[in-house]
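As structure tokens, the structure follows; a few thoughts come after it.
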Amino acid sequence: MLKTLSRLISYKLYTPGPLSTTSTVKDSMKNDLCFNKSFNKDINHIRNQLLKISNLPTEEYTSLLLPGSGTFGVESTLRTAVNQHQKILIAVNGAYGERMVKICKILKIPTKVINIDERKIINIKDVLYYLDTEVTHFAMVHSETTTGILNPIDEISSILKKARPDIKIIGDCVSSFGAVDTDFSNLDFIVTCSNKLLQGVPGLALIIAKNTTLDRCEGNAKSSVLDLFKISRTYNHFVVIPPYQSISALKKAIEEFWKEGGVKARQARYQKNQRALANGMNELGFKHYIDDGDQGWIISTFIEPKHYNYSFEKLYKFLADRGIIIYPGKLSKLPTFRIGTIGELYKEDMIECVKCIKEAFEFMRIPLPLNE
């Protein structure tokens, strides 16, 4: 009976993605769908909306939908944008920057890496210092959800383009697009996905590309399904079966995004969530992994206590039994856990999460506030 009841719990996802979605987004996926003229209009509508959200001119940029996760989008972009006779500089301060490096090594793309402390933001001085005349491309993660740090991609891309107007810039904006007010005008490729800050469901990688840059990428990708140049020349912009329900959900999610007020309104809600979470966890004595000045509003990382009664597994189960899902840490240096402040969550949800964490520590007989 207990196992049956546990399956009936409606979970709230305090995670970096996938996220909690509205009932109306869920409802939009109820029908069986296939490709037709009406659906093609939906695809083009979403593509136009992505450019509107990015505030980029439609005559200079295009948007592409690709089945898969954000990583599919990142790999397809790296495959398409950079060939084996060029060289990419990648700034890394977390696991998702490291993932870009791994992809480039697999693709045998000449790569130069800037390794930065995961507690520090990427800064333009380091980028310019490591930039050499052979580098043709630069890539970085905007919101690094390994820790929750927010890197200044608009500032870096602006200064970098002034220093090297010919360089092509790739932004992994998977966990920032839609809720971090950003000037994307100096980026050649912007990668995101359907199940992050737009509050859709998994199934779609979303790529925005500068037309003049994409036009020079023919033959780079060496792939039948991850070639953005080829996809951009395909009638319905899908070279394989589209994830119809994910597209339907994204269309509804974007409609709700604008009803909320767009990027600035969603950013404001997530910031309010993060402040409520941070204040509550401070009262319980938890230490934040990232300094306040560099902390984003997407996800927060907390250092685990050293108390002998503590285990993340106990904390996770206690919260999950109450419908709250958090994430384990993704760091090598310290044991941590992460709590997301995005998706269909509000300040009241953060207060409830902190309340349940307090109850969990009381259950584990760990005195609060923590004094380590």
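FYI, residue positions are counted from 1 along the chain as it appears here.
Positions of Cβ are set from backbone N, Cα and C atoms, glycine also.
Under the heading domain 'Aminotransferase class V', TrEMBL lists 74-336.
The Cβ of Lys196 (N6-(pyridoxal phosphate)lysine) has 27 other Cβ atoms within 10 Å, all protein chains considered. For Lys196, the entry in TrEMBL reads N6-(pyridoxal phosphate)lysine.
According to TrEMBL, the substrate binding site annotation covers Arg338. Cβ neighbour count for Arg338 (substrate binding site): 23 (other Cβ atoms within 10 Å of its Cβ, all protein chains included). A strand conformation is recorded for Arg338 (substrate binding site) in the three-state DSSP classification.
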What does DSSP call Lys196 (N6-(pyridoxal phosphate)lysine) in the simple three-state scheme?
coil
Using C-alpha atoms only, work out the spacing between Arg338 (substrate binding site) and Lys196 (N6-(pyridoxal phosphate)lysine) and round it to an integer in Å.
16
